Amino acid sequence: MVSVQKLNCSWSLVATIASIVALVSVVQLFLFPSGPSFNFFGYNQVKDSCFLINGTNYCETKGKNDILQNKWQPLNARFPSDLHKAVVYRGAPWKAEVGQWLSGCSSVATPVKVNEQISGKKCKDDCSGQGVCNHEFGQCRCFHGFNGDGCSERQELSCNYPATEELPYGRWVVSICSAYCDTTRAMCFCGEGTKYPNRPVAESCGFQVIPPTEPGAPKDIDWSKADHDNIFTTNASLPGWCNVDPVEAYALKVKFKEECDCKYDGLFGRFCEIIVSSTCINQCSGQGHCRGGFCQCENGWYGVDCSIPSVHSTVDDWPQWLRPSQVNIPDNGSVGGNIVGFKAVVEKKRPLIYVYDLPPEFNSILLEGRHFKFECINRIYDQDNATVWTDQLYGSQIAMYESMLASPHRTLNGEEADYYFVPALDSCIITRADDSPHLNMEEHRGLRSSFTLEFYRKAHDHIIQQYPYWNRSSGRDHIWSFSWDEGACYAPKEIWNSMMLVHWGNTNSKHNHSTTAYWGDNWDEVSPDRRGNHTCFDPDKDLVIPAWKRPDGTALSLKLWARPRKERKTLFYFNGNLGPAYDHGRPEATYSMGIRQKLAEEFGSSPNKKGELGKQHAEDVVVMAQRSDTYYEDLASSVFCGVMPGDGWSGRMEDSILQGCIPVVIQDGIFLPWENVLNYESFAVRLGEDEIPNLVNILRGFNETEVEFMLANVKNIWQRYLYRDAIMLEAERQKSAYGYIKDWAKELSELSDDDVFTTFVQILHYKLYNDPWRMQQTGLKKETGIPQECLLKV
């Protein structure tokens, strides 16, 4: 046995030494963290030293013994619920049964030993330099525009639909191009022969502009006529683009076409003159290069974010979730380092999550081929490669994915896993649907719901064919993410047994049809043969998770969530689209299922198109359509805040909680984030849609003790609606690569309560031992790391 504390060599060299020395049949290396840890100003991804149970702080040696000394008592006796039927665990009021199990069992969990498989299968031709080798299967993951076993086949992905006499560039599509088309990505550029060949010529940039017909009217675009005379001109007096020098343009010495801009990722500046980082999953974990959204991994690494080490990786670079490890290397590895694989024993706490390394068409290719840099991601990078967070509500899907990939609960051992996450990114496929000819929806009649259903079904078919795990539970231990407006309403019937992570918890108990006002997302027209007859949400198995909200350093520094009752002067507040009765309102009567419109009819505090206020408008009730410039400040100055749907879900719950306002939920039969596990009665008010006329009377009926109680609970749980873990992973990357410590990073590093991802893991742990189907399982039992009595239903 050889004990090694720090190793700065590759596994190939270790194998060589092992073969030569041959002291024993197995070399055991005990590896401990030697690189930088994900500890930013004291922030740790998983905190185990202290925990709150019903208001008592248990720390280290004291806590676990105190909890276990009465282990023969039932959990409901040891952790009784309060008057609101809640049990507080780590500051949050949970539904009693959940809170009791977490308090008595999850809090005392210990690590189990897991055999992680480090693989080394080779790929054909090393993927020809046009892909990444998945060393688990020896399969290539090809970049956008390449395919084949060795990624040697170049695809021809046209920017344009077939030409007609009337439309020489084909019918309009987002990728339409009158200049040079990069057919590996269906993207349009200036091309050779111009001063700036890699400058995008996206959409209207390359076509002639039709002037307004009257003052104040919008311009139009003639998609049948290229604008080459302008975009290719070298004449400074004409509005050019492909030969415009940025220095001269900024100095206003030359004209440029205003319709041209820098839409593609990886470029910054008004004239795309600065090459910056693109957005990739976990920015390739420091083990690869982000090429437009697809991680090109360094030798020895693979996975969507280059976080999986192969046998050819360097031990010092192993990720935190594989440390510390006891590694067994077989002595039959050749001197050339052709080891097929070896085991690394790592201690981990359950639940253990296996993340499928899907083919890139389900994730990386969708990111690499984006025609608009803000689509389906939560950040881009500025001219200094500093993070710019976006308001993209669907960015939660990326945040959850990134946290899962970097979590100590992740495992490479599918046999030992408790859950299996299928990373199919619907936030990308929906925003990219029909944006180029190879993603057309003709066979789906223009329905993105149908198009996306097929996307998920293909992912299901892949894991059925490639892996053995699905059939063992009929998919019940699998997790899928549906981030779009109506969540999993259009999930294919084949995957409905699984857990769905959604933002829209419609049980269909009242609204048993598609609720979106946008016809392209309507799922009513999807055949039951493909969709089945499932509901949109099943609270017994699914979870509604919070939407993405960008971290704002200024707002965080103001600590709006902690604003006391005496500074909250507005009784009720709602600011948002109120429908067709207001200027710039959504024209559809079905928008918000009519709920926002009913609220405005009763309590509108600003005039509608007819100059009318709501029938019951009051001085301390704000219901307005025009976006407030002080929106977050207004929320923090209110006691109660409205939470109602938009086109499906909206982000109003998160807005309320993050500003410390008590949510007033008005959407019958539709669950909100964590509502099937947290005790909403402790911090929110839920009203029936038919109670809207009585809204203000109901809210005035709460006494100050009840209001203070709910405000205090909102203050205790607000971080469970914030993706702090994923944000801090980015903060660590920025600090490590550039030394940046931005205001948002500093403010978040000072927070310590459980966030979205920690809450998610706690729920998975509870469900692992309490879901009825799991309790009925027989066969091989895995090491649990929890007391035996926690496996009993008490």
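Start at 1 and count along the chain as shown; that gives each residue its number.
Any Cβ shown, glycine's included, is placed from N, Cα and C.
According to TrEMBL, the feature disulfide bond maps to Cys123-Cys133 (among others). Every protein chain considered, the tally of other Cβ atoms within 10 Å of the Cβ of Cys133 (disulfide bond) stands at 26.
Annotation comment: TrEMBL describes Cys142-Cys151 (among others) as disulfide bond.
Within the same chain, residues 183-185, 288, 291-292, 294-297, 302-303, 306, 308, 310-312, 338-341, 357, 359-360, 364-365, 368-369, 412, 466 sit at least 6 positions outside the domain 'EGF-like' (119-152) and bring their C-beta atoms closer than 8 Å to a C-beta of that stretch. The annotation domain 'EGF-like' is assigned in TrEMBL to 119-152.
Residues or ranges marked as transmembrane segment in TrEMBL: 12-32.
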Neighbouring C-beta atoms (10 Å sphere around the C-beta of Cys123 (disulfide bond)): 21
Neighbour count (Cβ, 10 Å) for Cys142 (disulfide bond): 26
Arithmetic mean of per-residue pLDDT over the domain 'EGF-like' (119-152): 96
Inter-residue Cα distance where the pair is Cys133 (disulfide bond) and Cys142 (disulfide bond), in Å: 9
Close in space, distant in sequence - Cys151 (disulfide bond), Cβ under 8 Å, 6 or more apart: Asp125, Cys127, Ser128, Gly129, Gln130, Gly131, Cys140, Cys142, Phe143
